[in-house]
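*Asks:* I'd like to ask you about the structure that follows.
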Amino acid sequence: IRLRCPHLGVGLTVAVHGAELTLSLPRPDSFYLSGLSHPALGFGVDPALRINVFDELKLGESYAGVFQVQGFHNESRAFLFQGKTRKLVKEDVAEVMLQKLRDKTEFTVLATLKQERLNSGVLLSIHYAEHRYLELESSGQRNEIRLHYRTRDQRQHTEGFPYSLADDRWHKLSVAVSVSHVVLHVDCNRIYERVIENPSMDIPSDTTIWLGQRNQAHGYFKGIMQDVQLVVMPQGYISQCPDLNRTCPTCNDFHGLVQKIMELQDVLAKTSSKLSRAEEKMQGLDGCYCERSCSMNGELYREDERWTDGCRNCSCYNGTVQCETISCPPPQCPPDSAPAYVPGTCCKECQPVCLFRGRVYVEGDLKSVRDSSGNCLLFECQKHSMQRVENAPCPELTCPESEHITLTDRCCKVCRGHHFCVEGHSPSCVENSECVNLEAGSCCSCKDGYRALRDDSAYCGDIDECAEGKHYCRENTMCVNTPGSFMCICHTGYIRIDDYSCTERDECTTGLHSCDENAICFNTVGGHSCSCKPGYVGNGTVCRALCDGLCQNGGSCVNPDTCICQQGFTGKRCETDIDECTDGFVECDSRAICVNLPGWYHCECRDGYHDNGMFSANGESCEDIDECATERHSCANDTVCFNVDGGYDCRCPHGKNCTGDCNHDNKHKHNGQIWVLDNDRCSVCSCQSGLVMCRRMVCDCESTTADLFCCPECNPGLSSQCLHQNRLITYSSGDTWVENCQQCQCMSGEVDCWPMSCPPVVDCEFTQVPEGQCCPHCITDPCQADTVRNDITKTCVDENGLTRFSGAAWTKHRTECTLCQCKVRQRGSWEYTQTVGDRHTLIYCMHSHILMNVLIQTDRYTDTHLHTEWEPDTHAHAHTHTHTHTHLHTEWEPDKDRHLQKGV
């Protein structure tokens with residue numbers, strides 16, 4: 001819901017989402033609502049992520065050259081910056097602000113300001129000594145916005161954006177930085193979007209923050225600022241312009257992913273190295289004696305120990321239990337003994353026998369007989385004779401007498417179906433055997449899958465169904481023996497139908513393959529293979545579209561030779577900027593004119609209109625300026641001003657003969673009259689047929705009547721001179737010079753500097769800025785390049801066999817002081833490389849055998865720099881440099897004599 005509040009003069013946006021209500025204001029700064037004592041924070045920003053420079057510096061207190069005035073909106077405060085004697089810096093609060101900004105990769109500088117025409121001044125400067133870590137400057141002399149910062153490799157860099165901000169009008173300014181991506185918004189319109197070198201926010205302590213000036217001598221801002229803020233969050237411009245798009249991920253998100261990949265590469269390299277060392281140690285352990293042991297049935301046995309387990313002879317060999325079935329030879333017993341099983345033994349042993357009533361009994365056998373009276377007597381074979389034993393009282397039976405059963409080994413009868421196994425009178429069923437009840441006793445029976453090892457089935461051994469062919473496994477399976485049974489295992493690439501059969505699995509038709517969506521799946525026996533479709537490259541698992549050339553302006557290759565362009569660009573390679581204005585894609589309001597920008601556009605109010613503060617995208621917030629009511633017209637006294645849409649008209653009343661004179665600042669000017677403005681002696685105006693035309697005075701320093709106030713460059717005195725940055729040289733107004741690769745000019749005692757323009761370096765992969773020069777030159781050797789771009793399409797292989805992206809840097813394992821970097825160049829440069837495709841890759845390490853830099857501190861003022869390079873197919877060089885310019889040069893070629901050159 002959008003509302004217009006006449007009392008505040010601002011637009012409000014009310015958003016309801018579930019039980020949450022959000023009130024959005026179109027201006028990011030803090031302002032006071034009627035009846036509130038505390039300022040309202042901006043759009044959805046955590047106060048911990050916002051740095052309000054005005055509040056931190058306590059700008060409401062007394063500062064020389066700073067005065068509180070009315071701001072951009074009614075009932076809002078702002079501050080007028082004037083003069084050259086102010087000093088807006090507080091060392092004691094700088095560290096508190098810098099703590100939030102230090103080491104951050106995403107931040108936004110926000111400002112609401114009104115800068116005087118032709119003024120070149122600094123809005124905010126964060127610098128340490130001469131190093132500017134972050135500085136935002138607006139040059140009215142060159143109509144340019146400049147962002148000064150320090151790069152990751154500790155170089156000073158300036159990014160210039162052509163735009164006239166110093167026009168004595170209110171503007172909202174936003175500069176958002178996300179790693180190497182910068183976006184400039186003015187009045188909520190995206191003006192520029194660029195890829196820049198990564199800024200470094202490694203801000204040292206004792207760094208100072210200046211507001212409205214670079215230092216105490218340079219860069220004085222003149223005009224009004226309502227607020228200056230730093231927002232440490234992605235897309236911080238949203239707090240100033242809530243309606244802007246904020247759905248896209250930032251460059252920091254992407255760089256964070258790349259950084260994680262590189263960190264994982266380092267972890268993998270270190271882990272691989274540790275694994276290699278562990279394997280070396282394990283190989284060493286193979287030569288050591290380590291006694292192994294075996295465990296069986298809870299017992300621990302030493303290596304080569306032998307023992308008997310039931311009907312098996314077992315041994316411990318190499319930590320594994322191996323058992324064989326005992327073969328029992330027939331025992332040779334004397335006449336008074338017979339073979340019989342003894343509890344705890346597998347084979348029969350000779351036992352004493354007894355002869356009783358014509359039958360033979362073995363030691364321990366029982367026999368019941370009845371005497372002539374019918375009484376039951378129980379005898380046991382003991383030492384070759386049957387000895388009578390006492391009968392225990394018989395329990396009372398609960399079954400009918402017809403169900404009574406008489407047994408031969410006891411006097412007591414039992415009921416039919418008596419459970420002899422539970423009673424314990426049955427033979428001991430030991431291994432893989434179970435007791436089975438019979439009519440008058442019990443016996444042992446082997447479990448399923450086992451066979452008897454002796455005739456009483458007390459000991460049973462496993463049947464190997466797989467070896468004996470007694471399984472039911474069918475084709476495409478493998479039989480695996482298990483204790484008492486077997487399993488049918490499917491071959492690789494096959495799936496199970498039932499317990500005994502398998503069929504081939506077609507991963508391609510079932511979708512269970514690992515092929516990329518742009519690859520063709522081929523089913524094979526036991527698996528599948530993948531191959532990228534025509535127009536795509538990769539290993540089949542990962543395929544990417546192949547485009548003939550790079551997609552420009554942020555476009556991405558999605559199909560063979562097909563680029564998807566970012567908004568605002570078109571062409572086969574996204575090389576053409578869409579002119580939304582001329583192509584009819586944009587329809588600005590009739591009161592605004594469409595201005596095309598790279599990849600974007602914005603609607604700017606036409607002459608005679610001004611924005612009402614809502615800053616709508618299509619320009620409908622442009623309102624007509626009533627020049628007649630505001631007395632901004634130049635109609636003469638004898639004419640009448642009529643306001644028209646976008647201007648005004650001076651009309652002669654009916655019946656009058658108008659002279660064509662003009663009325664300017666309530667003063668009558670004759671037609672053709674020329675005069676100097678009272679409030680600006682440097683502007684000359686003329687009256688032409690009722691209209692006033694004004695322009696800046698043209699300076700002619702050869703003329704003796706030149707106004708030195710308006711033309712300070714013509715003043716031979718010192719008042720208009722400028723002081724060089726080193727404070728040792730002075731320049732006259734109008735003089736230009738070059739300082740630290742910047743073009744500087746002295747104008748009316750103020751210094752304005754801007755980066756030198758360098759010719760574009762096209763079709764060049766590696767560049768270098770030679771010492772003493774400012775512009776990059778194309779080179780072929782990546783070792784000498786100042787920077788190497790990260791490129792995932794070019795790789796090298798490090799000492800651990802890991803693939804690294806071009807531009808990636810890592811610390812060599814076990815040599816923590818060696819930093820390596822992957823650099824890739826075209827074939828034909830250095831032959832000590834690893835060939836990858838049609839390129840050569842180079843592992844470039846800061847180490848003694850490839851490149852060694854040694855800094856020797858000899859005294860307080862002189863240092864010696866030893867630099868050694870070695871390439872197998874080129875020369876070896878050794879250089880020493882000191883501040884006294886001593887030069888030692890050594891060359892060595894493998895196939896030639898050694899020679900030494902020395903010079904000073």
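Going from the start of the chain as shown, residues are counted 1 onward.
A Cβ is built for glycine as well, from the same backbone N, Cα and C atoms used for every other residue.
Remember, TrEMBL labels are computer predictions, not curated facts.
Quick paste from TrEMBL:
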type	residues	note
COMPBIAS	878-887	compositional bias 'Basic residues'
COMPBIAS	888-904	compositional bias 'Basic and acidic residues'
DISULFID	Cys547-Cys557	disulfide bond
DISULFID	Cys565-Cys574	disulfide bond
DOMAIN	292-351	domain 'VWFC'
DOMAIN	462-503	domain 'EGF-like'
DOMAIN	504-544	domain 'EGF-like'
DOMAIN	545-575	domain 'EGF-like'
DOMAIN	577-623	domain 'EGF-like'
DOMAIN	624-659	domain 'EGF-like'
DOMAIN	720-779	domain 'VWFC'
REGION	878-904	region 'Disordered'
*Asks:* List the same-chain residues at least 6 positions away in sequence whose Cβ sits under 8 Å from the Cβ of Cys574 (disulfide bond), in sequence order, or say none.
*Replies:* Cys551, Gln552, Asn553, Gly554, Gly555, Cys563, Cys565, Gln566
*Asks:* So if I draw a 10 Å sphere around the Cβ of Cys565 (disulfide bond), how many other Cβ atoms end up inside it?
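*Replies:* Around Cys565 (disulfide bond), other Cβ atoms within 10 Å: 21.
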*Asks:* Please list, in sequence order, the residues in the chain of Cys557 (disulfide bond) that are at least six apart in sequence and whose C-beta is under 8 Å away from its C-beta.
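*Replies:* Expected: Arg544, Ala545, Leu546, Cys547, Cys551, Cys563, Ile564.
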*Asks:* Helix, strand, coil: count each for the residues of the domain 'VWFC' (292-351), based on DSSP.
*Replies:* 0 helix, 31 strand, 29 coil
*Asks:* Just how many other Cβ atoms lie inside 10 Å of the Cβ on Cys547 (disulfide bond)?
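*Replies:* Summing over all protein chains shown, Cys547 (disulfide bond) has 19 other Cβ atoms within 10 Å.
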*Asks:* Using DSSP, tally how many residues of the domain 'EGF-like' (545-575) sit in helix, strand and coil.
*Replies:* 0 helix, 10 strand, 21 coil
*Asks:* Go ahead and report the DSSP secondary structure tallies for the domain 'EGF-like' (577-623): helix first, then strand, then coil.
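*Replies:* Counting residues by DSSP class gives 0 helix, 18 strand, 29 coil.
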